[in-house]
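Below is one structure, written out as structure tokens; comments come after it.
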Amino acid sequence: MENFGEGRRSGGGMLPLLALSAVAEYYRLPWKPPVTASLLAANTLVYLRPAFIDPVIPHISEVWFNPHLIFKHKDLKRLFLSAFYHVNEPHLVYNMMSLLWKGIKLETSMGSSEFASMVFTLIGMSQGVTLLLAKSLLLLFDYDRAYYNEYAVGFSGVLFAMKVVLNSQAEDYSSVYGILVPTKYAAWAELILVQMFVPNASFLGHLGGILAGIIYLKLKGSYSGSDPVTMAVRGVSRLVTWPLRFLNGMVRSRRRRITGRGRVGRGQTGIAGPGIWRCQSCTYDNSGWLSACEMCGSGRARGNGWSLNQGPALSSSNDLPLDELRRRRVERFS
């Protein structure tokens with residue numbers, strides 16, 4: 001999150017760098033994490049505001065995270081949507097590069113459904129904790145202008161929460177702006193250092209993200225099994241993808257019905273499958289729709305085969321001479 005009174009968009013030319021990094025990162029992955037890609041796309045589209053979504057999404061002036069306005073107007077739009085808005089390209093690119101790395105790590109290890117559930121939960125928790133912190137500071141210390149009336153936007157509060165979750169089990173050390181710290185406490189070091197080097201950064205928003213990550217881990221540890229949000233995400237995912245799965249099943253079913261293509265077999269039985277008959281001359285499996293063997297041309301009607309609905313047809317000879325079989329194959333495929 002960053003604090004700004006007014007203004008928007010300064011700096012440029014960094015979005016191609018973000019696009020190049022995302023493409024390169026996804027290209028090398030055997031499995032492409034879809035939720036991370038969707039979050040990157042959503043944040044970028046909200047910032048760019050292309051013509052096809054510009055009339056639909058609110059302007060940044062309508063979604064600034066401002067505790068005073070949220071409480072005064074009960075404006076939940078500011079509470080949730082402000083996380084997806086950024087004031088300029090450096091702000092967007094820095095956050096999205098961080099999301100790219102953290103998102104891929106977490107989604108790969110957790111799975112898409114659980115990762116989507118976690119992100120959805122952390123957005124609400126980080127924004128909610130920040131709101132409560134601002135209100136508490138107002139009531140306890142009369143901090144009015146400093147936090148309660150500030151304007152902020154950005155995904156960084158959620159990223160701090162994700163960092164806490166990602167590093168919760170780490171036992172090694174990490175470098176934070178050149179300072180070596182235990183990885184599990186890296187978010188706290190980054191909170192202080194970011195505030196030192198980026199004065200406009202929202203200290204309260206980042207702190208709210210860290211606390212949200214800690215609360216999420218505590219709740220997750222005390223609850224066994226899938227949480228309700230994960231179950232809901234999985235249910236919605238199954239519902240949305242049902243038409244695709246249905247069509248995929250139909251395509252596979254049609255492929256299983258062999259239409260004029262078979263295989264050469266050596267089994268003792270002549271029954272190869274539903275609607276399939278095996279040529280006794282060359283043991284090639286043919287579609288039940290064919291009256292002659294596709295491999296050697298032997299006619300099914302002359303007793304050269306088995307089918308699911310009939311046994312071996314009676315014939316005075318079950319095998320053709322080898323020379324005749326070779327001749328028929330040459331004629332068939334020449």
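The first residue you see is number 1, and the count goes up from there.
A Cβ is built for glycine as well, from the same backbone N, Cα and C atoms used for every other residue.
Mapped onto three states, the DSSP output places His206 (active site, charge relay system) in helix. What Swiss-Prot records for His206 is active site, charge relay system.
What Swiss-Prot records for 1-87 is transit peptide.
What Swiss-Prot lists as transmembrane segment is 114-134 (among others). Sequence-distant neighbours of the transmembrane segment (114-134) (same chain, 6+ residues past either end, Cβ-Cβ under 8 Å): 1, 33, 35-36, 39, 65, 67, 70-71, 79-80, 82-83, 103, 106-107, 143, 147-148, 157-158, 160-162, 165, 202, 204-205, 207-209, 211-213, 215-216, 226-227, 229-230, 232-233.
Feature annotation from Swiss-Prot assigns transmembrane segment to 146-166 (among others).
The feature transmembrane segment is assigned by Swiss-Prot to 176-196 (among others). Below 8 angstroms of C-beta separation, residues 160, 163-164, 167-170, 203, 206-207, 210, 213 of the same chain, each at least six residues beyond the ends of the transmembrane segment (176-196), sit close to that stretch.
Look at Swiss-Prot and you will find 197-217 (among others) tagged as transmembrane segment.
Summed and averaged per residue, pLDDT over the zinc finger (273-302) gives 70. Annotation comment: Swiss-Prot describes 273-302 as zinc finger, evidence class sequence analysis.
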Other CB atoms within 10 A, centred on His206 (active site, charge relay system): 26
